Amino acid sequence: MRCIGISNRDFVEGVSGGSWVDIVLEHGSCVTTMAKNKPTLDFELIKTEAKQPATLRKYCIEAKLTNTTTESRCPTQGEPSLNEEQDKRFVCKHSMVDRGWGNGCGLFGKGGIVTCAMFTCQKNMEGKIVQPENLEYTIVVTPHSGEEHAVGNDTGKHGKEIKITPQSSITEAELTGYGTVTMDCSPRTGLDFNEMVLLQMENKAWLVHRQWFLDLPLPWLPGADTQGSKLDQKETLVTFKNPHAKKQDVVVLGSQEGAMHTALTGATEIQMSSGNLLFTGHLKCRLRMDKLQLKGMSYSMCTGKFKVVEEIAETQHGTIVIRVQYEGDGSPCKIPLEIMDLDNRHVLGRLITVNPIVTEKDSPVNVEAEPPLGDSYIIIGVEPGQLKLNWFKKGSSIGQMFETTMIRAKRMAILGDTAWDFRSLGGVFTSIGKALHQVFGAIYGAAFSGVSWTMKILIGVIITWIGMNSRSTSLSVSLVLVGIVTLYLGVMVQA
C-alpha cells in the first residue's frame, strides 16, 4: 500500500482478459494497477540517476602562480626568451619596455621583455555529457498485501526494488506469494542532451546550454586530460602589469566561484546523491501480468468475529483504509468485506485491496476500498458477528467522472504510440479497446452504474440504430460512434 501516502496517485484498470497494462511513472507520483483475478500493485519511480557521465571539458575557477621569472634585452639585442616558455605549465607574456643609460643599456629605445609564471589550478568545475543510455531508473513495486506496517512510504520487506536501464528495459520482479510481473519500459527524460551540458561544481550541478558552456572565458582542458598540465586560455585568469625595465609583476585573479554562481542564476539545478546526478522525467511501461496470481484464493471465508482496530481513515484519493483484526478461528482465511447501499440490496464501490486475507489470528490487516459517493454501509464478516459500519463520502459524481477522464486522456497522450500493438490485426483491435477503456471508462461507469449487462447492450444497439437512420450526416456519425463505443465497453469491458 505504498501509494496511500503519496498525493499524486493514478489508478489504472486492466481490461478483462487482458494480459498487459500501460502505465506512466513520474517522480512525485504513484500508480496503482488493478486487473481481474490479479493482485493490486503499487508502482513508484523513486530515482533517476545518471551513471558515470563522460566529461566534456574542465574549467579552472581558482589558481595560484609560483616561480615567476623575467628576462629582458636592450634595444637591437634581439628578442628575449625563457626555457619556461616551452613548459605547458607556465603562462608567459612578451612585451616592449623603454630602455636607456638609466637601466643598463647603451642605446635608448624599446627593448624586449618576457615574464613567465607557473600556473597551478586549485579548484575546477566540470561539464559532463549525459546520454540516455547512462540513465538508470529505480522503481519500487509493492503488492496490496494488507500486512501491518505495509502502509505509506514503507520501503522494507513489502516492496521490490527494480532497476531499469535502456540496455535492459525489460525486467521481471518476483513478488513473494504473488508470482512475477514483467515490465517493458521506455525511458522519456524530456531533455535534449545533445544541446545540454551538466555543469558540476563541487557538490552542486546545473543543466546549461552546450554553446554557453563552451564559450566560458576561463582556463580549460579537455575532459580526457587527467594530468591537468595542458590548460588552454590560462591568461584569462592572469594579469601582467606594466613592465619596468627588467621587472614585471604578474598576479592571478581571485576565485571565480562566486561569479559562476551569479551567472547560473535561473539555470535548472540538478540534485546529487552519492556522486550520481538525479534527474526528472517519466517512464512509459507496459506491464505483463500473465504470471501473477492472487494469494489465498483457496482459503475459505472467515466465519468468526472481526473488530475495527482504528477509526476508518479517508485518503486524499477518494478511498478509505480499514484496519481490522480477526478474533475467530480457522485462519488463514478470506475477509468477507462488501460495501452495500442503505437497503442492503446492491453491492457498491470496489475493493482496491483484492481478495484481502487474514494469515494469523489477532493480527491487524489493512484493507483499502473505494466507497460510492453519498451514504453506504461497509459490511465486514458474516452473521451473527457481522460488523455494519455507516460511511458517507462527499463529492460530485459528475466532477469525479470528468476529472478521471482528463487524467486518463493525459496518460494516453504521454503513452503515444507505445500504447498500440501494430504487429497483428488482433493487436490493433485490442489496443483500441484498451484506449477506449482507459479514456472513457469513467464516463461509461458513471452513466451506466447499476444498469444490467443486457440493458447496456440494448442501449448501445438502439443508439447505433438511431444513428444509422438519421438524415443528418454529423448526427448520424456521432450517434453511430457513441453506439459502437457503448457496445464495445458493454461487451468487452467489465467497467
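Any Cβ shown, glycine's included, is placed from N, Cα and C.
Not measured: the values here are computed from a predicted model.
For Cys285, the cysteine that Swiss-Prot lists as its disulphide partner among Cys185, Cys302, Cys333 is Cys185. Of the listed cysteines Cys121, Cys302, Swiss-Prot assigns the disulfide bond with Cys333 to Cys302.
Disulfide connectivity taken from Swiss-Prot links Cys74 to one of Cys92, Cys105, Cys116, namely Cys105.
In Swiss-Prot, the cysteine linked to Cys116 by a disulfide bond, out of Cys60, Cys92, is Cys92. Within the chain, the region 'Fusion peptide' (98-111) has long-range Cβ neighbours (under 8 A, six or more residues past its boundaries) at 72-77, 245-246. For the disulfide-bonded residues shown (Cys105, Cys185), fewest C-beta neighbours within 10 angstroms: Cys105. For Cys105 (disulfide bond), the nearest neighbour among the listed disulfide-bonded residues (Cys30, Cys116, Cys285), judged by C-alpha distance, is Cys116. Under the DSSP three-state reduction, Cys116 (disulfide bond) is assigned to strand. DSSP assignment over the topological domain 'Cytoplasmic' (467-472) gives 2 helix, 0 strand, 4 coil. Straight-line distance linking the Cα atoms of Cys285 (disulfide bond) and Cys92 (disulfide bond), rounded to a whole number, equals 58 Å.
A C-beta separation below 8 Å, combined with a sequence spacing of at least six in one chain, links Cys302 (disulfide bond) to Tyr326, Gly328, Gly330, Ser331, Cys333, Lys334, Ile335, Pro336, Val358, Gly381, Val382.
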